[in-house]
């Protein structure tokens, strides 16, 4: 995965910086209880999230909304972690988008920098995926801005990009990678099938999935 040059490199033991795996927060707490998957294939970008909210061993909600459209609906965003914290971050991120004219990479880097250094923001417990029609990033409170590497088929051709967060993220990542490499399914179809597989394996995710889509201009 490619990191923004302005993002802080995280070298904590056990921290996997690939976009499908940033599950740990700064003090060792683990973000779980969801699956969020973003796939870009061709001109289409699709993000999806399951609806389950889990508190300990109890399912508290089955149809939570974990996706947002930002900046005049030109940016897709999803979160894993605290809903209130994520919405506060979305608000801050949208202000960055306004400040930088919708520049996704600049806005992502600035949000990650503030999230890591601001005394109040760094208490917020969430991971974010943000995407437009051309780029996608995973953002964390550790200052990470992680851009996924391209997925390539056996011939070495780029067939798409994937980012995931949450406890079911690894399952969705594996499924989506295989589907991109070996099929001609659309981005929406890849996401639908991958989210179904993740929901069947991850006990903290369900099959009540919401989707948001963008097509590159």
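Heads up, the Cβ atoms here are built off N, Cα and C, so glycines get one too.
Keep in mind that TrEMBL annotations are predicted by a computer and have not been checked by a curator.
Features reported for this protein in TrEMBL:
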ACT_SITE  34  active site
BINDING   199, 202, 205  Na(+) binding site
COMPBIAS  1-12  compositional bias 'Polar residues'
COMPBIAS  13-25  compositional bias 'Basic and acidic residues'
REGION    1-25  region 'Disordered'
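The CA atom of residue 205 (Na(+) binding site) is located 5 Å away from the CA atom of residue 34 (active site). You'll find the Cα of residue 202 (Na(+) binding site) roughly 8 Å from the Cα of residue 34 (active site). Around the Cβ of residue 202 (Na(+) binding site), the number of neighbouring Cβ atoms within 10 Å comes to 22.
For the Na(+) site, the Cβ centre of 199, 202, 205 serves as reference, and the other residues of the chain with Cβ at most 8 Å from it are 35, 50, 52, 167, 168, 171, 195, 198, 200, 201, 203, 204, 206, 207. Sequence-distant neighbours of residue 199 (Na(+) binding site): residues of the same chain at least 6 apart with a C-beta under 8 Å from its C-beta are 35, 50, 168, 205, 206, 207, 209. All protein chains considered, the CB of residue 205 (Na(+) binding site) has 28 other CB atoms within 10 Å. According to its DSSP assignment, residue 199 (Na(+) binding site) is helical.
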